[in-house]
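Q: Pasting the feature list from TrEMBL:
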- 80-146: domain 'Apoptotic protease-activating factor 1 winged-helix' (DOMAIN)
- 154-288: domain 'APAF-1 helical' (DOMAIN)
- 312-353: repeat 'WD' (REPEAT)
- 354-395: repeat 'WD' (REPEAT)
- 396-435: repeat 'WD' (REPEAT)
- 436-477: repeat 'WD' (REPEAT)
- 533-574: repeat 'WD' (REPEAT)
- 575-607: repeat 'WD' (REPEAT)
- 697-738: repeat 'WD' (REPEAT)
- 738-778: repeat 'WD' (REPEAT)
- 779-820: repeat 'WD' (REPEAT)
- 821-862: repeat 'WD' (REPEAT)
Amino acid sequence: VILLSAHSTVFIVTKSSIIGSPLVVSLIGALLRDFPNRWEYYLRQLQNKQFKRIRKSSSYDYEALDEAMSISVDMLPENFKVYYRDLSVLQKDVKVPSKVFCILWDMEIEEVEDILQKFVNKSLLFCDQNEKSFCYYLHALQLDFLMEKNRSELQDLHKKVVHQFKKYYKCYIPISSKEDCMYWYNFLAYHMAGANMHDELCALMFSLDWIKIKTELVGPAHLIHEYVEYSKILDQKDANARENFQEFLSLNGHLLGHLPFLDIVQLGLCQPENSEVYRQAKLRAQQELSKGSLYVEWINKTSVKNMYRLVVHPHTDAVYHACFSQDHQRIATCGADKTLQVFKTGSGEKLLEVKAHDDEVICCAFSMDDRFLATCSMDKKVKVWNSRTGELVCEFEEHTEQVNFCHFSNHLLATCSNDTYIKLWDLNNKYCRNTLFGHEGSVTHCRFSPDDKYLASCSADGTLKLWNVQSANELKTINIGNFFKNGDGYHDEVEVLVKCCSWSSNSTAIVVAAKNKLFLVDVETKELLAEALLSHHNTIQYCDFCPNSKIVAVALSHCSVEIWNIESISKIAECLGHISWIHSVNFSLDGSFFVTSSDDQTIRIWETNKVCKSSVFVLNREIDVSFLDNEVSILAIGSLKHLQLINGSTGHAIYLTEEQKSSICCCCLSEDLQFAAYGDENGIVLKVSDRSVLKSRIGHRKAVQHCQFTFDGKTLISSSDDSTIQVWNWQSENYIILKGHKEPVKNFHLLNQSRLLSWSFDGTVKVWNILTGELEKDLTCHEGAVLSCAVSPDATIFSTTSADKTAKIWSFRNPSALHTLSGHEDCVRCCTFSPKNELLATGDDHGEIRVWSISTGKLLHLYFSATTNEGESAYGGWVTGLHFSPDGKMLVSSGGYIKWWNVDTHQSLQTFYTNGTNLKSLYVSPDFKTCVTLDNLGILYVLRIME
């Protein structure tokens, strides 16, 4: 709206002031004609709701603005005044469907629309019409006036809204297809709080049903915000319950908001047993069991502690960077979907989303006063935005290659690029103040020192450079590649890409990351103060110094963040939760939190103190499981190269070994649980009762990948990457080496005490006599690697699956395949027979499960063939394990998560979402009631079907 004074002065009136209110426009216009210099004064009074101070103009009929608005209302018929008063409890600029007023006034929609039209005609209300219905809203000034006028009645008006809602719906769960449902899910708690109906509010906010539908409709952030907003009220009723529900949403909201078929009851069963969420979920599950539903209890969940505080799923692709505002109230994120987004730190509520660039956005940064946000992109541009409104403030296009990083000082913005240059930008004058030359390769990272005197830059040329910010001169060059020369495995020709750096709080030292190492360097002397080797198998993606601390957080390519004391060179904690590469980790200014961003499209917020008190011990992927006498025992390999025996019910662990010099590759238990064995380059047998080493033997030239005791426990069989199988009677020390495979042995299956079936990457399956070492059968089964085999319950036939996308069914009596099963679109990774030898189930890397007739070889069922928009399988990754129930009516599968199926209807019965993904193996008890698996985060799951 533009107002012109008598002196042709132009006034731009913003939406937040008077736009859309003809009454206010006319009054302010008349006042400005008499007093053209009072615009700022009038605007300030409007913003402060001081309507009486906007006094009468000589050309206007009313004494003050509030009087003018009051007269407009007073001119309404008496019954219409009551209806208009009811609008006092609406929220500003919220468009309310006609149906809400139908419920409020208990009227037909035609009657409601006639009443509301009268308000619209008098400019007391605004109408927005879409294809289906009318929506109505009040201007902010009108609402302020109504609230002030009816302040003493607001509580009763809120009560009226709630009572009418309860009368109409009889419960708190409106159907999501109703046009008014979004209003109730967004504002019912607001009305209950305004009505001082605390019991009703608590019943609503502590309801799993309400949480499920609301998160499906609007996501978790608004609910988390309400738990914070109404915490005082909720805590009076049950502070623990409020904390339980808020934590449940904070840690699982990324699932609830993005998986519409998620069973919230099953998710609730994964909560601690003293949680109100668990109590309600358990009660609901028990009710549903009688209707034929299936639910699963996570038996050992007490041994798992969540270290993150909040999970947000902001982007539709990889999140490359996340950082806190200086007051740590907001988090900015950017990523491959080309957007910049801003969220509330406490709830994850989205505050801003901007389509920022024409290509992937690599980095974002808050200015020191939090007013601006900078972004840089693969499109070679640097942009600066208003951090509150998303308005573009300025754009720089001087880099000639992708821009990798951006960082603010108090007065400047630094950016670095693949064009080998660093640029310092003056935001006040919107120009490049300096270009820093010197690097011979892409500049990957740059950061101002905390005192703003220096700038550090990292490059693919293997160097770290320090610059004087004021003069833009290079001060020092530190060749990080030289630090690798004294290390093992260094080769002169190998380039060292310096990934990133971070300053200590006093600006005297800087930590630098390259490959898999951290280096602490003295800024003054260039002396290497400390060095830490983090991993032999992963690379460092990012690092950040915790303010006023010796702690450094390091993001790694294998989905974890490690916390190190850089002075003592000791790992304090390992933070697990992400299920793909972590691209960034950044502390808040006070160091109390840090935020991580990942390829898995999520950001996670962690509490520093909580993380640093956690254990660094996690499990490796290879385990063995025993279900002896209905007791679950798990033999597992720890990240610290220990072997441990875990009680499946309690999670209690007994260490069987000290830390080993080399990594343990595999392990196994004897059937009577008296002995344990593990393999690295050697084979070692332990006595479980006293943890003593009974025998050790070097039998393979390469790593042992699988080992297993014979049924009597006297012989240990092992297979290796050296293409051989060793049969070792560890008690007599006699052994036989089975040679014949041309490539690593994938695995083997013990048919009986004397015969063994093995399969290999060479495409063959072989049957051996393990007493004599004789090769009884040698079958070339596939053109690609044989990935799995299964033997039928009657031991007359077996199946093979392969990387050539086929599965085959074979008879032990016939060298030719009985059936070749074609149709899979990717590697067929696993297979299993039904108990009655009627069906074969196969699973592939595309996420599909197929069920075949053994007698005919025909496809009977196809499970989960749909794919998501992102192109990943809807199942959640490779299908890695399949097992039928003893009656053949159910099938359980593992992959990205665990799923139970009804074989006859081929419908999903239940899905259990693990914290991590890529479940490598699945162990199922003979009665099918218990299953055990381990995810890629090293978290163990002992799951039992509820009865």
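Cβ atoms here come from the backbone N, Cα and C positions, even for glycine.
Context for these features, please: burial, neighbours, distances.
A: Per DSSP, the secondary structure of the domain 'APAF-1 helical' (154-288) breaks down as 102 helix, 0 strand, 33 coil.
According to DSSP, the secondary structure content of the repeat 'WD' (312-353) in residues is 0 helix, 23 strand, 19 coil.
For the repeat 'WD' (354-395), the model gives a mean pLDDT of 97.
Mapped onto DSSP helix, strand and coil, the repeat 'WD' (396-435) counts 0 helix, 23 strand, 17 coil.
Long-range contacts of the repeat 'WD' (436-477) within its own chain (CB-CB distance under 8 A, at least 6 residues past either end) are made by residues 401, 404-405, 407-412, 414-424, 495-503, 505-507, 510, 512, 514, 521, 523, 526.
Long-range contacts of the repeat 'WD' (533-574) within the same chain: residues 307, 487, 499-505, 511, 513-518, 520, 580-587, 589-591, 594, 596, 598, 606, 608, 611-616, 618, 639, 916, 936-937, each at least 6 residues beyond the stretch ends and with a Cβ under 8 Å from a Cβ of the stretch.
Broken down with DSSP, the repeat 'WD' (575-607) shows 0 helix, 19 strand, 14 coil.
Sequence-remote contacts of a segment are chain residues at least 6 beyond its ends whose Cβ falls under 8 Å from one of its Cβ atoms, and for the repeat 'WD' (697-738) they are 665-672, 674-675, 677-685, 744-748, 750, 753, 756, 758, 760, 762, 768, 770, 772-773, 775.
Helix, strand and coil counts from DSSP across the repeat 'WD' (738-778) read 0 helix, 23 strand, 18 coil.
Sequence-distant contacts of the repeat 'WD' (821-862) (same chain, at least 6 residues past either end, Cβ-Cβ under 8 Å): 784, 787-794, 796-797, 799-803, 805-809, 872-888, 891, 893, 895-896, 901, 903, 906.
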Q: What same-chain residues lie close to the repeat 'WD' (575-607): Cβ under 8 Å, and 6 or more beyond its ends?
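A: The answer is 254, 306-324, 326-328, 331, 333, 335, 345, 541-549, 551, 553-557, 559-563, 614, 618, 915-918, 936-939.
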Q: Can you work out which residues elsewhere in the same chain, 6+ from the ends of the repeat 'WD' (354-395), have a Cβ less than 8 Å from its Cβ atoms?
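A: Those are 320-321, 323-327, 330, 332-336, 338-342, 401-410, 413, 415, 417, 423, 425, 427, 430, in sequence order.
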Q: What is the number of residues in the domain 'Apoptotic protease-activating factor 1 winged-helix' (80-146) that are helix, strand and coil, as DSSP sees it?
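A: Helix/strand/coil tally for the domain 'Apoptotic protease-activating factor 1 winged-helix' (80-146): 38 helix, 10 strand, 19 coil.
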